Each structure stands twice: as structure tokens, then as C-alpha cells.
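Asks: I'd like to ask some things about the structure below.
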Ligand SMILES: [Zn+2]
């Protein structure tokens, strides 16, 4: 089943790439055919095979030789890996509704994280549908109220930082993403998620300053760290939380 999940992840990842591209550049997600963004040529089916096409084309368009964005293989591989690892958490994933819900949330997090990484923006038309789905999932699973409290708590925490920093530390998009993450994870996994986001954000920040790629004052896309941390918590959340609780002697 893990192999099937990985293949499904490659296919969904390829679709998420189209979503990310068209959310920014416009165009329908479902109808129009894929083109090379540089020379506008329609791509043949064999140029659209996840990961493999990128490798065989050596990251360049066949006709105009312009570089293909690293986003394509990265999103496809991330999605494949995430789906495969999520499947490992279940005895029989196919028959478990929770597994399919997690795949949907993972897809939302991948789009949000990658879009924020590229464009420093969290779009309402992505995050709100995610919030609504997470709320429905909470009602269905009978944990809506605690999840909503976690989501509202995290959103409020981010909103406070937004107001204090006048939008310099954190954007309003992060506030909505906080609501989404809280609804998805509830307590205590929401805490694990933001702890991971802050630690990884700080680590990458220090690394980039060390490599002189960024200055102390330059911004990092916090939503991307939240999104990737969310994916990690979807996969290993309970294990990480348990390990940490043991570490501090809880
Ligand atoms: Zn081209």
C-alpha cells in the first residue's frame, strides 16, 4: 500500500504544482492544458511525468531550453514522501477515512508552504477552504470544540504578534493558517507544530545569515515553516510529542 500511496503522491503532487502555478498566474486549474511558462508551448504527456520528466529533461524545456522551476520535482517528491509515510502509520490505510483526510490536509499544507516560500503570501482562497474542511472533519470526528479552541488560541497568539509588530514579524495570512493548524491538530499537537516551526525557522535563519544569503533584518516566509512543520506533525506528531514529554519528565 505504501508504494501505491507514493505513486498517488506523485500524481497529486503534479496536480498541486499546477494549482500553485495557476493560483499565481491565473487560468483554470482543471480545464486548460499545461504549457512551458517561458515559450508557451503545450507540453506532451511524456514531459508531464512526475520527477522523471524533470530528470530526463535535465531541468530544462525541450524547445526553449529555459530552466524549469525546482518547485516541480520538490513538490512532487514531498507529496510522494508524505503520502507514503502517512500510509505507514496505518494497518489498512485504504479503508481508514482518517488516512484520506490526512492526505487532503497534507495537500493543503504543501500548497500553502510552497506558495509562501515562493511568493511570501498565504492566499485566502486556499486557507479558508482548508479551515472549513478542518472544521467539518472536527465535527465529524467529535472533537470540534477542543480543535476550535486550539485554532482560535493559535490564531490569537499570531494576531497579537501581528499587531505588536505592525505586520513585520508575521502576516495576517499566518493568523488564518494558525486557525487551520489548530483545527487540524488540536492540543497538544498544535504546540508541537509551532515549536517545530519556530525552531526550524530560527535554524534556517541562522544558517542563511551564516552563509550571507540573508541579513538579520530580512524576512523569512514563516507560513512556509508552519506548513512544513504541519506536514511533519501529520506524520510523526504523536511520536515527537511523546518523545518530548518524556525528555522533560512529564
Ligand atoms: Zn519552453
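Glycine residues also receive a Cβ, built from the backbone N, Cα and C atoms like all the rest.
So TrEMBL lists these for the protein:
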type     : residues : note
TRANSMEM : 6-24     : transmembrane segment
DOMAIN   : 7-89     : domain 'Prepilin peptidase A24 N-terminal'
TRANSMEM : 70-91    : transmembrane segment
TRANSMEM : 97-115   : transmembrane segment
DOMAIN   : 103-206  : domain 'Prepilin type IV endopeptidase peptidase'
TRANSMEM : 127-160  : transmembrane segment
TRANSMEM : 180-210  : transmembrane segment
TRANSMEM : 222-245  : transmembrane segment
Asks: Top stretch among 6-24, 70-91, 97-115, 127-160, 180-210 for CB pairs under 8 A with the transmembrane segment (222-245)?
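Replies: Against the transmembrane segment (222-245), the leading stretch is 180-210.
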Asks: Sort out the residues at least 6 away from either end of the transmembrane segment (6-24), same chain, that have Cβ-Cβ distances under 8 Å to it, and list them.
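Replies: Sequence-distant neighbours of the transmembrane segment (6-24): 34, 37, 48, 50-51, 71-72, 75-84, 103, 107, 110-111, 114-115, 118-119, 123, 125-126.
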Asks: Hey, which bits of the same chain come close to the transmembrane segment (97-115), Cβ under 8 Å, at least six residues off its ends?
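Replies: Same-chain contacts beyond the flanks: 8, 12-13, 16, 19-20, 23-24, 71, 74-75, 78-79, 82-83, 86-87, 89-90, 121-123, 126-127, 129-130, 133-134, 137, 141, 177, 180, 184, 223-228, 230-231, 234.
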Asks: Given a Cβ distance threshold of under 8 angstroms, which distant residues of the chain, six or more beyond its ends, lie next to the transmembrane segment (180-210)?
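Replies: That would be 105, 108, 127, 130-131, 134-135, 137-138, 143, 146-155, 216, 220, 222, 225-226, 228-230, 232-234, 237-238, 240-241, 244.
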Asks: If you run through the domain 'Prepilin peptidase A24 N-terminal' (7-89) with DSSP, how many residues end up as helix, strand and coil?
Replies: 45 helix, 4 strand, 34 coil
